[in-house]
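First comes the structure, then the notes that go with it.
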Amino acid sequence: MDAIIWENDHLRLLDQTKLPGTMEYIECYDYRKVAESIKRLAVRGAPAIGAAAAYGLVLGAKQINTTDRKEFLEKLEAIAGELRATRPTAVNLAWALDRMLMRVNTSSEQDVEKIRRVMLEEAHAIYQEDVQSNRKMGEFGQELLPNGARVLTHCNAGALATAGYGTALGVIRAAKEKGKEVSVFADETRPLLQGARLTAWEMVQEGIPVTLITDGMAGYLMAKKKVDCVIVGADRITANGDVANKIGTYGVAVLANYHKIPFYVAAPLSTIDMTLSSGEEIPIEERDPKEVTHHAGQAMAPDGVQVWNPAFDVTPNSLVTAIITEMGIIYPPYTENLAKICKPNK
Ligand code: MRU
């Protein structure tokens with residue numbers, strides 16, 4: 001169930017808009033196809049769009065028809081700009097593209113064909129490091145889960161949202177691999193149902209007991225003492241530990257706080273944006289109102305209704321019990337403790 005596959009000369013992206021019904025790959029030979037796939041959420045989840053964009057830039061580099069290094073680099077910057085503009089909130093996208101450009105710009109290589117090869121190596125490294133980070137997060141994070149833990153998650157922070165294994169779902173997978181019994185409650189995650197379509201699907205595939213609930217049921221679930229902790233992923237974490245994640249996450253965090261349930265965020269360092277001091281500064285993507293008014297092409301609301309459709313919200317650091325990273329579990333005070341594991345310019 002790989003969301004992203006590099007095959008010889010092109011990129012294959014699992015079309016997540018068709019899950020769980022159909023498993024179909026989009027064959028990308030053109031960087032524009034990758035950009036379009038990111039935009040319409042065929043590939044989604046912060047680390048996954050970073051890795052996909054890195055490979056997209058490799059495709060773009062192949063499409064630049066020149067042997068002149070300077071001209072090549074100028075055109076590459078423009079293509080990176082197009083890929084970067086596809087989605088604003090998940091910092092992994094910009095992070096991966098910056099890393100690709102940095103690798104190219106700091107290489108003394110003059111031969112454009114060799115630069116293209118170096119770029120493919122770098123994209124592979126981004127992909128592989130993400131899988132390794134998720135495994136490490138799983139190792140650290142599973143310590144937080146007692147045997148029998150019942151975990152609530154929101155959206156999909158699984159293998160589909162990353163290069164593999166997953167962040168929040170990686171922690172759950174790791175607990176299972178340690179022999180612990182663990183079960184999951186998946187918020188359906190309106191409006192695009194990543195919880196119902198993707199998280200529930202991943203868990204069913206894996207044989208991890210999963211119960212699907214609508215988003216509005218989370219409070220009652222907690223009141224009935226059916227949840228031991230919440231684990232979610234993140235699209236961007238600022239230097240003070242504020243967390244942008246799928247719309248609805250903030251509500252879950254408030255509920256968890258009220259019910260005194262730990263609220264954990266699992267995310268790799270590539271999701272931490274030390275250039276922003278607080279969540280107020282995170283650009284929040286607003287998407288097509290039709291995602292709210294329509295379901296499977298069918299209108300669910302009257303014509304002419306006004307719609308607000310932010311794709312993400314920001315959970316303040318005060319509601320976050322701990323952040324699980326590949327460097328270990330980070331506790332408050334986040335400003336101090338995140339600075340210890342992140343480079344200041346990142
Ligand atoms: O709009 P999406 O589906 O890309 O949103 C995804 C999320 O919000 C995930 O929780 C987040 O990217 C973390 S994925 C490991």
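Using N, Cα and C of the backbone, Cβ positions are placed for all residues, glycine too.
Feature annotation from TrEMBL assigns active site, proton donor to D235. If you take the C-beta of D235 (active site, proton donor) and look for same-chain residues 6 or more apart in sequence within under 8 angstroms, you find A46, T89, A90, V91, N92, A244, N245, K246, T271, F312. Under DSSP, D235 (active site, proton donor) is assigned to coil, being neither helix nor strand in the three-state scheme.
Note on Q194 (substrate binding site): other Cβ atoms within 10 Å of its Cβ, all shown chains, come to 27. For R44, G45, A46, R87, Q194, N245, K246, the entry in TrEMBL reads substrate binding site.
If you look up TrEMBL, you'll see C155 marked as site 'Transition state stabilizer'. Under the DSSP three-state reduction, C155 (site 'Transition state stabilizer') is assigned to coil, being neither helix nor strand.
Checking the recorded positions A46, R87, C155, N245 against ligand 1, the ones whose Cβ sits under 6 Å from it are A46, C155, N245.
Mapped onto three states, the DSSP output places R87 (substrate binding site) in coil. Within 8 Å of the Cβ centroid of the substrate site, not counting the listed residues R44, G45, A46, R87, Q194, N245, K246, the chain contributes I49, A90, C155, N156, A157, A161, G233, D235, A311, F312. Across the structure, R44 (substrate binding site) and C155 (site 'Transition state stabilizer') are spaced 11 Å apart at their Cα atoms. The number of other Cβ atoms within 10 Å of the Cβ belonging to C155 (site 'Transition state stabilizer'), over all protein chains shown, comes to 29. In the three-state DSSP scheme, N245 (substrate binding site) falls into the strand class.
Residue density at R44 (substrate binding site): 26 other Cβ atoms are found within 10 A of its Cβ, drawing on all protein chains shown.
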